[in-house]
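Novice: The structure follows.
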């Protein structure tokens, strides 16, 4: 016998009254059902934490007002500072307190300190700045020779430091590396001087002895004779020479020039010795000097400054070493060419070409002109051959020698190079022209690595 189960009836879903009156009735029932005592514990804890936070906030605000009042009293030496209340609004003392405070203050004395924006302060600061600038210019003018020696030593240090670091990376200690590199540099200079100096001196003596004969040979050349017939050059030169010899100040000027030349030679020897000693000290203490300079930079920016400074020093050192190598190659090739062609005074001219080759842009051209003028004393054809040689050599140097030696050192646009060399030569003479390109390369690196990224981030 089976029992039949009756299906359970599900109560019908209540129909919500969506009219405005129904919604209002539901809201009234929900409001009556709220019992603060039956609130969840989490809500109670949240309310307690909020109350605790507000109490702590009031305590901190009171402490801030107290510290502000003490600081105001220490700075101005008067009454307490205007404090802020719990709502963050400024609380000013009543009018009676303000009148009594003004009455207690001495007459003619203000509570505000002397402002730096006052006309007197601005004038005094400007006058002090002008005085310091004038003193600095005067001292820099007097110390120009010392600054010149220091610049030469810095560039020699940056040129020799890559060799020192190369030895250091291979296990040689820093002092030993400095000693080896510096002594090697001195040895190369000494050997070059001993090798070239006797020939240079001998050729210089020969040139002085043969000066009258050379002048007669040049004067007897056909092209100069024709020029003299057209413009009466010899007559004008003779008249001017007689006038100079009869003047009283000519011999004094000549004697002063001889003494000046002797003083220049002595000063040059002292400068070479001073620069060598400074180079040795800078090579030995370069890591300590760099570390001391880097400590002046804030730690947040120190890594970027170190990276930028190391790159600038690497480029400047590479340029100095590369330019010396290019000038040496030019001098050696010029000496070989003059030996083959039989041009006199080859040693003197080769040394002149090497020294002038250190000057950017115009140094090699000046050396070529000097050699061509020397060849002109032999024959115009030989001078033309010399000019053709230097034109070919300049192309070889510009497109093959320099790119292989100067790679990864400096990359300066042509217009910037010309402006930098002109500015450096105007300010510091030959030394300024020598250091113009590496300085311009360093400034361009700062522009690319610092200024451009900063503008991109704005």
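Placed from the backbone N, Cα and C atoms, the Cβ positions cover glycine too.
Okay, these came from TrEMBL:
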- 98-108: compositional bias 'Basic and acidic residues' (COMPBIAS)
- 1-22: region 'Disordered' (REGION)
- 76-112: region 'Disordered' (REGION)
- 114-137: transmembrane segment (TRANSMEM)
- 143-164: transmembrane segment (TRANSMEM)
- 176-197: transmembrane segment (TRANSMEM)
- 261-284: transmembrane segment (TRANSMEM)
- 316-337: transmembrane segment (TRANSMEM)
- 343-362: transmembrane segment (TRANSMEM)
- 369-392: transmembrane segment (TRANSMEM)
- 412-445: transmembrane segment (TRANSMEM)
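Let's see these features in context: how buried, what's close, how far.
Specialist: A Cβ distance under 8 Å defines the sequence-distant neighbours of the transmembrane segment (143-164), meaning residues of its chain 6+ beyond its ends; these are 174, 177-178, 181-182, 185, 267, 271, 274-275, 278-279, 282-283, 286, 313-314, 316-318, 320-321, 324, 428, 431, 434-435, 438.
Sequence-remote contacts of a segment are chain residues at least 6 beyond its ends whose Cβ falls under 8 Å from one of its Cβ atoms, and for the transmembrane segment (261-284) they are 145, 148-150, 152-154, 156-157, 160-161, 164, 174-175, 178, 181-182, 186.
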Novice: Determine which recorded stretch among 176-197, 316-337, 343-362 has the most C-beta pairs below 8 angstroms with the transmembrane segment (412-445).
Specialist: 343-362
